[in-house]
Amino acid sequence: MENEGKDNGEFSFVSDGGAETGRRGLPKIHTEKNAPTTERDICHDDSTTPMRARTLEHLHSLQKKRSTPTTPLTDSQGVFSPVSEAERQKQQLISISASLASLTRETGPKLVKGDPEKKKEAHKASVLDHLHFGEPILNLSDSALKSTHILYNPSPAELYEQAIKYEKGSFITSTGALATLSGAKTGRSPIDKRVVKDDTTEKELWWGKGSPNIEMDEHTFLINRERAVDYLNSLDKVFVNDQFLNWDPENRIKVRIVSARAYHSLFMHNMCIRPTAGELEDFGTPDFTIYHAGQFPCNRYTHYMTSSTSIDMNLDRKEMVILGTQYAGEMKKGLFSLMHYLMPMRQILSLHSGCNMGKNGDVALFFGLSGTGKTTLSTDHNRYLIGDDEHCWSDNGVSNIEGGCYAKCIDLSREKEPDIWNAIKFGTVLENVVFDEHTREVDYSEKSVTENTRAAYPIEYIPNAKIPCVGPHPKNVILLACDAFGVLPPVSKLSLPQTMYHFISGYTALVAGTEEGVKEPQATFSACFGAAFIMLHPSRYAAMLAEKMKKHGATGWLVNTGWSGGSYGSGNRIKLAYTRKIIDAIHSGALLEANYSKTRVFGLEIPDAIEGVPSHILDPINTWSDKDGYHETLLKLGGLFKKNYEGIHTYQVERDSELAEEILAAGPTL
């Protein structure tokens, strides 16, 4: 190398005996060894492949590829088979437009598939003009002149984007869950729930004293439906979920949920059964539709309305309307009420229960009200979880109604509930929780928004979930009661009439609080352990339960997870370790081999010994130092049972008065 470029400093760059210089004498640098002379005015970087995009807009369009259409259906009986992708999308939109049709104007909205914020031209098959369903009797409204954008079965990732961008109060937590707020209502509003009373439901449904069903007429329902549909059609976009209920393929129900919030769409994506792409192609017309317009109030001056909130169900039209509440649990429990009507019509028993299965195929059902340990005891690492809340029992066995879990989060900890803790990750909806503003770590002990904090996640997030969520006929039916009076045995074997009696009663006790000076436990009863959701008389569900238990040889058990040695305040809570030993003995069949004796008043059969459980606690009288106090409290609880049962025994179970009398006789004797 030779120094020839004095103006360039100490060094110059020489090629083939001479230095190449630019206009100002600076050396040119080539990264390509044999760069053509025509390109020597450009500095090349050949360390990466050339960029294919010409503009930023083009680059962003390359980031996402269009979903590949699934293989066209070959079954000629398929709703959309076999048709082009464009025609299939058009038929989907026609079905959705029919769902959103105004009954007054008899038209459906003009639909566009996709996010309205996307400026690119819509695919020609994804646009549908408003359709007339019959001759219009009024002029079109302004909403008919605009397009309603449909986000159809969006993925969790898409719903995260929608929620965070457009819904105030939506955040990603430190574990990846979506934290959101349900607005003013942080729980269900049972006093605002209405069911249309018509010629059919008047005869079939349970009305009157003790019933959760509050009537409304069809005219009022249609007013609220029109209000909800008009609100949804006025929006720039709505979310549409087409999903299933019931894992039993022979008895599954197709449901459509139309909502205004990404939060509601993701919640139902998690809670209902998620269809495959092929199942969506053949989805067709839904069996039931929910119109969730919860951000818009009902007219409280409309007949049957008592507030700005109304949750209305029309079983004849197969529709549900939600106005004035954004609490997502209304959709879940509304569909559960629907199943409590539809399934018994098919001779299938719908149940508010947990369900698990042993490795040998033995299935157990767990019934229990809040605080009885239903979730804790049905979640067993040695057994498969079929479901935590809603089930059906058909001739095929048991099946979960849902595709997800809706777990309470208050005071949640990794140590107590590791499965729920670990399920709170990307895709999970966290309702009304409080988190650190910087780290986004959730404080599950915080109750400043509500005590009813919840997590909704797919059941696949539970490691030992059984997928598909079905199982054989149950061997054991376990009724859980948290008896704060301290007089029920830790476990009792029930006869069939006793099982029906305690199933209809649905007993537990609320622990005394400090409010209003309450110092004693309070008994609470919820028929079939879910009175708020049943549609028929409790005795009809009990009769079906008895028939199935008798046919398949299931055994009934009453397990007290409450107090022993005295009532709340003087006795002690039965140790969870003892209750788990009892449940294990039920699962293994060991309790069937035990010797039994009968208690007074309730006539319950109690075992004399259980491995791992102190024998003296099995008969509650042994744990009370005040024997007179025990007998007095026992009679008091028996009286509360009898008072609760008044009126129910007059109903003829499936027109079988003898069966009704057997159930009544299985109650306490005072």
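Backbone N, Cα and C atoms are what each Cβ position is placed from, and that goes for glycine too.
If you look up Swiss-Prot, you'll see G368, L369, S370, G371, T372, G373, K374, T375 marked as ATP binding site. Sequence-distant neighbours of L369 (ATP binding site): residues of the same chain at least 6 apart with a C-beta under 8 Å from its C-beta are C482, G506, T508, T524, S526, F529. According to DSSP, L369 (ATP binding site) is assigned to coil rather than to any helix or strand.
Per Swiss-Prot, the feature compositional bias 'Basic and acidic residues' maps to 29-47.
Under the heading region 'Disordered', Swiss-Prot lists 1-48.
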**Request:** Using DSSP with the three-state reduction, classify T375 (ATP binding site) as helix, strand or coil.
**Result:** helix
**Request:** Starting from each candidate's C-beta and looking 10 angstroms out, tell me which of the binding-site residues G368, G371, G373 has the most other C-beta atoms.
**Result:** G368
**Request:** Just name the most isolated of the binding-site residues S370, T372, K374, T375, going by other Cβ atoms within 10 Å of its Cβ.
**Result:** S370
